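Here's the structure, in structure tokens; my notes come after.
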Amino acid sequence: MPTAFTADQIRGAEHALMARLPEGTLMQRAAAGLAAVCADLLGRVYGRRVVLLVGSGDNGGDALYAGERLARRGARVDAVLAGSRTHEAGLRALLDAGGRVAEASAIGRADLIVDGLVGIGAAGALREPYARLAQEADAARGVVVAVDVPSGVDASTGRVEGPAVRARVTVTMGAYKTGLLVDPGAAFAGDVRLIDIGLGEHLPDPDVAALTARDVRDLIPRPGEESDKYRRGVLGVAAGSDLFTGAAVLAVGGALRGGAGMVRYAGREAPVAQVRARWPEAVVTLLGEPSIEQVGRVQAWVLGPGLGTDDWAHELAARVLATDVPVLIDADGLTLVAADRALLRRAAPVLITPHAGELARLIRADRADIEAARLEHARRAAAELGVTVLLKGSTTVVAEDGRPALVNVTGTPWLATGGTGDVLSGLAGALLAQGLSCYDAASCGAYLHGLAGRLAADGAPLAAADVATAVPAAIRTVTSAGS
Ligand SMILES: NC(=O)C1=CN([C@@H]2O[C@H](COP(=O)(O)OP(=O)(O)OC[C@H]3O[C@@H](n4cnc5c(N)ncnc54)[C@H](O)[C@@H]3O)[C@@H](O)[C@H]2O)[C@H](O)CC1
Ligand SMILES: [K+]
């Protein structure tokens, strides 16, 4: 699982390693890796125009030494010096190799633009002239490669305040930075390439990691010879209302496609009819009173999609949360909990699957603040509420107190389509019912959901039901992936 670190953690590791190496070694390793990625992106290096945006710190130094290597291979390399100071040795090396210092107007003519303005030493929004140069790089036709971190992105949190470089590729040194994996920073980083400069054993225990197919493959329950549906996990779904029948249908669909041995749907008249019609294999209980006595034994519950937030829904939520099995709470269930935190007082585990707006109501924070620092707020909610949090977004974050936060990178903007959250709650619920922990069900569910969205979308807007349909293909993709 690729791990990610904050700027301070990286700096600590770099200092520990630098103490053992001759001056400048790390920068040369960084520059060599950066130059190799740039050459790969250029295809042919000779005669190509490369512009380096050079800040006054070591980020600029990396860019200058990479520029030197490209110049020695025949590229026409121009350095635009942004900082009040410049990495002198790096500049000398570039000039010795035939590179030049140029005005910002060179940016518009570049085939490749190397963003060496600021890296992990950045503090706050970009100041002038860095901000203007970042905007000029964005407006230019050339391919943008960010050195270590796209300038304007906070390496530790992914926060972006003001102009920032939007890179096609980010070449990051030593280890992934958290800000490259979570929104909004992830969107500015583009394809992240990691250059090993030997930080390995100097890095602390990770507190953030990115999910990969291999991690998820080991989590997916194998039905094996267990044909007994009861042993493959029975999931209760308390969702839907006369107003919102679709949410119940989608949640049950996500659960069945997610491998639940059986789904027991409990709800009111209108959703009961829809679920029965669409999923005849679901065991359906029509609820008059909001009680679940007649529903029968389940290993986990999904509570909330389209449920409504009236007294009836509140009473049903209380009954479901009074059980001793794990409960996934989504949508209206989260609204009910935000209004009555006492509902969360239970011994069995809870997994919540909010989007930013629902999380804002739950922890009484501002939605914009959550969007700007998703990881921090997901962690805060997990600690404050004592639950596992799956914060939905184009990079979904899974947080649980005392464990590394997990970032899912299979998501796509298409998944913002209405109803896909209902599918996810059913899918993750099915994994809970099959015995996964909240943490594993959230990460495995998010990964499969994102993958299913990609498989279903193939570039066109998709309907939520398509995501549910694509879940088995996503499971096959992951379980058949090579070692
Ligand atoms: N340290 C190492 O062993 C290695 C570092 N690598 C590269 O170095 C940078 C970190 O370099 P550092 O000098 O610490 O800081 P930066 O170059 O990232 O930036 C600091 C520089 O920029 C100015 N600045 C800071 N914030 C702003 C702002 N908001 N607006 C404008 N200007 C700003 C500040 O004045 C400083 O002068 C790291 O990212 C790597 O790229 C090597 O790669 C590996 C070895
Ligand atoms: K940079």
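Glycine is no exception: its Cβ is also placed from the backbone N, Cα and C atoms.
Copied over from TrEMBL, here are the features:
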- 10-205: domain 'YjeF N-terminal' (DOMAIN)
- 58-62, 119-125, Tyr130, Asp148, Ala247, Gly306, His355, Asp422: (6S)-NADPHX binding site (BINDING)
- Asn59, Asp115, Ser151: K(+) binding site (BINDING)
- 212-478: domain 'YjeF C-terminal' (DOMAIN)
- Lys392, Gly393, Ser394, Thr395, Thr396, Gly421: AMP binding site (BINDING)
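With respect to their backbone Cα atoms, Asp115 (K(+) binding site) and Tyr130 ((6S)-NADPHX binding site) stand 10 Å from each other.
Taking Asp58, Ile120, Tyr130, Gly393 as the candidate binding-site residues, the subset whose CB lies under 6 angstroms from any atom of ligand 1 consists of Asp58, Ile120, Tyr130. Of the binding-site residues Asp58, Asp115, Asp115 has the largest number of other Cβ atoms within 10 Å of its own Cβ.
In the three-state DSSP reading, Ser151 (K(+) binding site) counts as coil. Among the record's AMP binders, Lys392, Gly393, Ser394, Thr395, Thr396, Gly421, no two C-alpha atoms are more than 14 Å apart, and one pair sits at exactly that spread. Just so you know, of the binding-site residues Gly61, Gly306, Gly393, the Cβ with the fewest other Cβ atoms around it within 10 Å is the one at Gly393. Looking only at other Cβ atoms within 10 Å, the busiest spot among the binding-site residues Asn59, Ser394, Thr396 turns out to be Thr396. Per Cα geometry, Gly306 is the residue among the binding-site residues Asn59, Ala123, Tyr130, Ser151, Gly306 nearest to Gly393 (AMP binding site). Ser151 (K(+) binding site) and Ala123 ((6S)-NADPHX binding site) are 10 Å apart (CA-CA, integer value). Put simply, Ile120 is the one of the binding-site residues Asp58, Gly61, Ile120, Tyr130 whose Cα lies nearest to the Cα of Thr396 (AMP binding site).
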